[in-house]
Amino acid sequence: MNLTTSEPAVCQTATENIINRSPKCFEGLSSPNLTDCNQKVFILRLFLFHCYIDRLFFPTVTSLVVIGTLLNLFSLCCFLKMNKRNSQNVYLSVLSLSDTINLHINFTIPLLRGWSEQLDLFFDSSKVLCRINGFFTEFFLIFPTWIIVLLTCERLISIMWPLKCYSLYTHRRAKISIIFLAFFIMILCLYRFVDLKGIDQVSVFSITACDDRWHKSLDFIVKSNLIIWAILPECLTLIMSLIIIYNIKLATQLFQPCQSKARQTKYNQANKTVLLISILFIVCHTPTGMVITWHLIHGTQDYMTLEFFIILVSRKFTVILYEISLCCKFFIYNRTFQNFKNILHTSLSRFTRQSNSAKLGRPVLGMNYVRNQHAKTFQFGQNKRHRNYLAKETDNLVRLQKRNSGKTSTSASQGSRDQQQQQQQQQQQQHMTVLMMKSNVDIQVALLDTPNLLRRFTTDTKETSNNRLLWRCKPQTTL
């Protein structure tokens, strides 16, 4: 930084002391064009403080990007593997995915551009890539916020009109709402192909827009998108959350004695999830919107003014707070959802175990126990409990075997008949290991040691037993 010699000796000495603390922070910067010595020294100290913050800011942002990506992907995996997926799970799945993309579009790419000059020059020279990046930057800023609004609205309707919520918010209707929301936000963000600066006028990652030109005709759209992103969602979420809390308190006092415990647990889980996400959204997202709004309304482009440095330093803290809100929803899900830990643990254990070792959300059972059993194993899908039963063969199979044995040739010797009867008695005394899991899903019967009873069935034959078809396919039989 070049200092003017016309300054008073006291002011010049104070300025030199600040610059000598960290000369790298002031390289390439011009001296503030201020006549007040105290204000000039204050700005230099503020800039030095901003330089110290940068040394902690970039490692913190990088760590949060990695942690947030892993946690959001774990959350998305758990929501996709849940048995009963309602409209709330659909919204939360899309929210986890959009938060992950938001972390990489709005944080990873600016970090890489700030670290690599070649990548930054490549973005500046490629106008198409820069415009596409600007479009998705603003889209994934607005889209997750309105997913939270839809999630809160769905919970409000479920509380206010419980008889209509099942018809209004189904799995299919939730997907349709998300598609319409994404389409509407895409229309709002199309102006970014013309105006490359958009909502974020000041970059906290020390990078500039590909085109610094200001389009006065698009100023109304920029401010409208800012309201849609930073003001309107917070207000709607806050109002709906207060109404939800009031109605929950009122319903608890009136209907708690008449409500079943299972329904009350499910009801409380959904309410806690929505309320915690709404509170996190309001607390962490509102400061970022306020700072950006302040800069758009009262901001300045002079980089050596007190107002600019206050905005820049404030943006550092609000961006960290905003990034935390994108990363820590996993802990809310882990706290409020039942069996969330079991689903996550079983999903991770599948990478170290065989693919058919267990079903998600339930304890993992090894295959060594099954392989050591010289018996037939019945496996019935997924269930909440596992039980092993020892049972004899069904009477239908016995009668079926008797009919087949009656079709044998009468010219067989008496000794062979006695031998067949002994084999039949041994087969009837065999036991089966049955693993009962769920009754409303497909039934798969795995025969490890195929008995002589079913060897007469081939892939081209079938027999009817009590209006059911028994098919013989290689070493397995499916009912």
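Positions of Cβ are set from backbone N, Cα and C atoms, glycine also.
Where the annotation comes from TrEMBL, it is an automatic prediction and has not been curated.
Noted in TrEMBL for the protein shown:
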type: COMPBIAS; residues: 406-418; note: compositional bias 'Polar residues'
type: COMPBIAS; residues: 419-430; note: compositional bias 'Low complexity'
type: DOMAIN; residues: 68-333; note: domain 'G-protein coupled receptors family 1 profile'
type: REGION; residues: 403-431; note: region 'Disordered'
type: TRANSMEM; residues: 56-78; note: transmembrane segment
type: TRANSMEM; residues: 90-112; note: transmembrane segment
type: TRANSMEM; residues: 132-153; note: transmembrane segment
type: TRANSMEM; residues: 174-194; note: transmembrane segment
type: TRANSMEM; residues: 226-246; note: transmembrane segment
type: TRANSMEM; residues: 273-297; note: transmembrane segment
type: TRANSMEM; residues: 309-332; note: transmembrane segment
Interface check, the transmembrane segment (132-153) with the transmembrane segment (273-297), three or more C-beta pairs under 8 A: yes
Top Cβ-contact partner of the transmembrane segment (56-78) among 90-112, 174-194, 226-246 (pairs under 8 Å): 90-112
Leading contact stretch, 90-112, 174-194, 273-297, 309-332 vs the transmembrane segment (226-246) - CB distance under 8 Å: 273-297
Integer mean pLDDT for the domain 'G-protein coupled receptors family 1 profile' (68-333): 84
Folded-back contacts onto the transmembrane segment (174-194), same chain, C-beta under 8 angstroms, at least six residues removed: 87, 90-91, 94, 131, 134-135, 137-139, 142-143, 146-147, 150, 154, 215, 218, 221-222, 224-225, 228
